[in-house]
Structure formats: C-alpha cells, structure tokens
Amino acid sequence: MNVFSQTQRYKALFWLSLFHLLVITSSNYLVQLPVSILGFHTTWGAFSFPFIFLATDLTVRIFGAPLARRIIFAVMIPALLISYVISSLFYMGSWQGFGALAHFNLFVARIATASFMAYALGQILDVHVFNRLRQSRRWWLAPTASTLFGNVSDTLAFFFIAFWRSPDAFMAEHWMEIALVDYCFKVLISIVFFLPMYGVLLNMLLKRLADKSEINALQAS
C-alpha cells in the first residue's frame, strides 16, 4: 500500500464516493428493467453494478481497507435517498413527472431499502475478503474471491428485500430465478471483463502514482 497525504485521501474519498453513488443510482433504475438473455430472466442492473466491486477492490489495493470502509459508510444514506428519488421519477423506465415524489411508492422504497442493505453487506464482505487476500502473489486471487463472495450476499439480500411478495407480479414470481441469473451474469461479466480491467487499471494507477511521488521528491529536494 502506498503512502498518501491527507489531501490525497480526501480527494480519493470524494471522487470514489461520487462514483459509487453514480453506479448505485443507475443500477437501482436499471434493476427495474427486466431483460431476457438466452431464455433467462435478469435485469439491466447486472451489467452496471460490477463497477462498484471494481472500484472497491482498487481502493483497497491502493489506499487500504480503512478508506474503502469510509467510502461505504459515506455513501449509504445519500444512495438510499437519491435512489428513491430517481427510481420514483423514472418508475418502470418511464418519466413520471415531479408529482410522483408527492406520493409514497412502496415498490421503489423497497428497491431503495434493499439497495441500502445489499450495498452495505456486499461491500463490507468484499473489503474483508479482498483485504485478507491482497498480499497473495496471484494478483487475480483477491479480486476474484471478493467478487464471488461479495456478489452472493449483495444479490441475495437485494432481491429478497426488494421483490419477495412484491406488488410487481412478474418480479414477485421470478425473483429467485432472476437473482440466480443476475448473480451468474455479474460473476461472468466481472471475470471476463472487469478482472482484466482491474489488472490494467491497477498497473496504470500504480505507475502514475509512482511517477507523481518521484516528481514530488525531486521538487522537495
């Protein structure tokens, strides 16, 4: 783990928290939109949410687990509120107008609450697993294991809280199937696309940080 100034850590906390909020908000909207792939039911949220695990794993690798946990706790409440507002305004993928905020939407509230709980469980487990394995010589072991375990708790918690006995008949009937397919797609997407991306971004960021450290050292001398 590199040594960073307090200013660098505050900047990382701000921008990474903003990124987490963006992914959570978009995923909570996209999870309302079912899609069928090769006869299996899933949602578009399966394709956006893995970005969270990529960002978290890079944060733990470069900045350490404490900053990653600070990001998780900083994001939880704002994500809950923003997710409810966005999902209410664009309920079932259609613009509802600002008048939709005047009425409590139980379906959207369940999605926002489920996202709150699932995000906390999934990310805390992801940080814990990754932090335990990040010293391994196999660079791919920590992100792979943390993705597998983090996504299990995240997916099960989210779909159970959001869609068990949901007012949406389709989601209430198919939530277990969708959760299983969603998990499989998340893992597949993460391993095929995000794991190589993790390796590339890690090397790029470490090189950039090393170059900046050398420049700062030269300027100081």
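Glycine is no exception: its Cβ is also placed from the backbone N, Cα and C atoms.
Taken from Swiss-Prot, the feature topological domain 'Cytoplasmic' covers 1-12 (among others), and the record attributes it to a curator's inference.
Long-range Cβ contacts of the transmembrane segment (13-33) within its own chain (Cβ-Cβ under 8 Å, at least 6 residues beyond either end) map to 43-45, 47-49, 51-52, 55, 59, 67, 70-72, 74-75, 78-79, 82-83, 86-87, 90-93, 111-112, 115, 119, 158, 162. If you look up Swiss-Prot, you'll see 13-33 (among others) marked as transmembrane segment.
For the transmembrane segment (35-55), the list of distant contacts is 16, 19-20, 23-24, 26-28, 119, 122-123, 126, 143, 146-147, 150-151, 154, 174, 177-178, 181-182, 185-186, 189-190, 193-194, 197-198, 201: same-chain residues at least six beyond its ends, Cβ to Cβ under 8 Å. Taken from Swiss-Prot, the feature transmembrane segment applies to 35-55 (among others), supported by sequence analysis.
The topological domain 'Cytoplasmic' (56-70): residue composition by secondary structure is 14 helix, 0 strand, 1 coil, according to DSSP. For 56-70 (among others), the entry in Swiss-Prot reads topological domain 'Cytoplasmic'.
Here Swiss-Prot flags 71-91 (among others) as transmembrane segment.
According to Swiss-Prot, the feature topological domain 'Periplasmic' maps to 92-97 (among others), an assignment based on a curator's inference. Cβ atoms under 8 Å from those of the topological domain 'Periplasmic' (92-97) belong to residues 29, 32-33 of the same chain, restricted to positions at least 6 beyond its ends.
Residues 24, 27-28, 31-32, 76, 79-81, 83-85, 87-89, 91, 153-155, 157-163, 166-168 of the same chain sit 6 or more residues outside the transmembrane segment (98-118) yet have a Cβ under 8 Å from a Cβ within it. The transmembrane segment annotation in Swiss-Prot covers 98-118 (among others).
This prediction places the mean pLDDT of the topological domain 'Cytoplasmic' (119-143) at 88. Look at Swiss-Prot and you will find 119-143 (among others) tagged as topological domain 'Cytoplasmic', backed by a curator's inference.
Among the features that Swiss-Prot reports, transmembrane segment is placed at 144-164 (among others).
As annotated by Swiss-Prot, topological domain 'Periplasmic' applies to 165-184 (among others), with the evidence given as a curator's inference. For the topological domain 'Periplasmic' (165-184), the DSSP counts in helix, strand and coil order read 16 helix, 0 strand, 4 coil.
Sequence-distant neighbours of the transmembrane segment (185-205) (same chain, 6+ residues past either end, Cβ-Cβ under 8 Å): 37, 42, 46-47, 49-51, 53-54, 57-58, 61-62, 139-140, 143-144, 147-148, 151, 155. Swiss-Prot lists 185-205 (among others) with the feature transmembrane segment, giving sequence analysis as the kind of evidence.
Positions annotated as topological domain 'Cytoplasmic' by Swiss-Prot, on the basis of experimental evidence: 206-221 (among others).
Remote same-chain partners of the transmembrane segment (71-91), defined as residues 6 or more beyond its termini with a Cβ less than 8 Å from a stretch Cβ, comprise 13, 16-17, 20-21, 24-25, 28-29, 32, 56, 59, 97-98, 100-101, 105, 107-109, 111-113, 115-116, 119-120, 123-124, 127. Long-range contacts of the topological domain 'Periplasmic' (165-184) within the same chain, counting only residues at least 6 positions beyond its ends with a Cβ under 8 Å from a Cβ of the stretch, are 34, 37, 40-43, 45-46, 106-107, 110, 151-152, 155-156, 158-159.
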